[in-house]
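Enquirer: According to Swiss-Prot, the protein has these features:
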{"type": "BINDING", "residues": "98, 99, 100", "note": "acetyl-CoA 1 binding site"}
{"type": "BINDING", "residues": "257, 258, 259, 264, 265, 266, 267, 268, 269, 270", "note": "acetyl-CoA 2 binding site"}
{"type": "DOMAIN", "residues": "21-176", "note": "domain 'N-acetyltransferase 1'"}
{"type": "DOMAIN", "residues": "173-323", "note": "domain 'N-acetyltransferase 2'"}
């Protein structure tokens with residue numbers, strides 16, 4: 001490990017997709033950070049974008065800081081000190097996520113990355129996620145004139161919690177599993193309608209869906225579709241299982257639940273939520289988690305009634321003044 005100061009280390013700036021070796025190194029760093037913190041430093045969408053973007057695509061910028069080490073040439077994952085990734089939204093705004101390897105923390109690595117970002121792109125229009133709301137992230141945000149603008153709660157239901165309530169499906173509605181090669185377009189249409197108010201989820205494309213289907217965690221049996229007697233898709237509950245990571249056991253996730261506008265108000269959302277949770281619990285998982293915006297009082301109340309409790313918080317930081 002190098003004992004030089006990070007302010008003297010070169011920052012690599014890459015536009016677009018990362019090459020195979022660098023993406024591997026970033027995943028290794030992310031796994032080490034996640035094991036140390038109990039939270040993954042990058043969102044799933046960010047990793048999907050890093051794999052799928054075109055080379056040279058400036059809507060995705062990665063700032064990579066390798067610690068120079070005379071005993072390591074070329075650089076390896078063990079020498080990757082930190083990474084910052086900016087994904088532009090196309091409207092002069094973007095989202096920043098940053099990770100520092102546990103072995104290189106408290107040495108100024110994050111500040112070095114942000115200085116490079118500020119020099120290359122500037123911070124204008126950028127918001128930044130802190131997954132787990134770490135104290136160091138809050139201090140760094142303050143240094144750069146940022147403050148909290150959004151809270152995303154992580155809620156958890158332990159399998160030892162009392163039984164889930166009964167939540168029957170509306171008359172004429174049945175559940176079945178997603179069928180790859182058949183249901184993609186119907187799901188994209190239903191998802192867009194269900195989340196017309198939610199730009200992140202509602203704007204999912206076929207490429208986004210295919211990228212998730214290619215992930216190791218994808219299981220069509222855990223992708224539940226609610227259909228009417230004519231086979232029309234009215235709602236869905238897509239579940240996910242996160243594998244064990246170091247000391248952290250595997251855990252299920254209420255990945256996304258959606259109901260089309262014409263089927264809302266029938267109790268279908270609750271029925272889908274309960275059905276998906278039961279599917280996850282039947283796999284022997286110790287707990288099920290989900291993400292929900294802290295200010296979505298109706299959703300928080302529903303999940304609390306099902307036995308979920310607040311477990312952790314992701315905080316989005318935004319500029320307090322125009323950069």
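Yeah, the Cβs are placed from backbone N, Cα and C, and that goes for glycine too.
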Enquirer: Can you give me the Cα-Cα distance between residue 98 (acetyl-CoA 1 binding site) and residue 257 (acetyl-CoA 2 binding site) in Å, rounded to a whole number?
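Expert: Counting only the Cα atoms, the answer is 28 Å.
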Enquirer: Spatially, and counting Cα to Cα, which of the binding-site residues is closest to residue 99 (acetyl-CoA 1 binding site)? Options: 257, 259, 265, 267.
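Expert: Result for residue 99 (acetyl-CoA 1 binding site): the nearest of the binding-site residues is 257.
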Enquirer: Are there residues of the same chain, six or more positions away from residue 267 (acetyl-CoA 2 binding site), whose CB falls under 8 angstroms from its CB, and which are they?
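Expert: Result: 167, 168, 170.
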Enquirer: When you measure from the Cβ of residue 259 (acetyl-CoA 2 binding site), which residues in the chain that are at least 6 apart have a Cβ under 8 Å away?
Expert: 194, 226, 234, 235, 268, 269, 272
Enquirer: Mind giving me a neighbour count for residue 269 (acetyl-CoA 2 binding site)? Other Cβ atoms within 10 Å of its Cβ, every protein chain shown.
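Expert: Cβ-Cβ neighbours of residue 269 (acetyl-CoA 2 binding site) within 10 Å number 21.
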Enquirer: Quick one: of 99, 257, which of the binding-site residues has the smallest count of other CB atoms within 10 A?
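Expert: 257, out of the binding-site residues 99, 257, has the fewest neighbouring Cβ atoms within 10 Å.
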Enquirer: Tell me, if you would, which residue among 98, 100 (binding-site residues) has the fewest other CB atoms within 10 Å in the structure shown?
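Expert: Per-residue Cβ counts within 10 Å for the binding-site residues 98, 100 bottom out at 98.
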Enquirer: What are the sequence-distant neighbours of residue 265 (acetyl-CoA 2 binding site), meaning same chain, six or more residues apart, C-beta distance under 8 angstroms?
Expert: none
Enquirer: Which whole-number value in Å describes the distance between the Cα atoms of residue 257 (acetyl-CoA 2 binding site) and residue 100 (acetyl-CoA 1 binding site)?
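Expert: On Cα coordinates alone, these residues lie 32 Å apart.
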Enquirer: Which chain neighbours of the acetyl-CoA 2 site, leaving out 257, 258, 259, 264, 265, 266, 267, 268, 269, 270, have a Cβ atom within 8 Å of the mean position of the site's Cβ atoms?
Expert: 235, 263, 271, 272
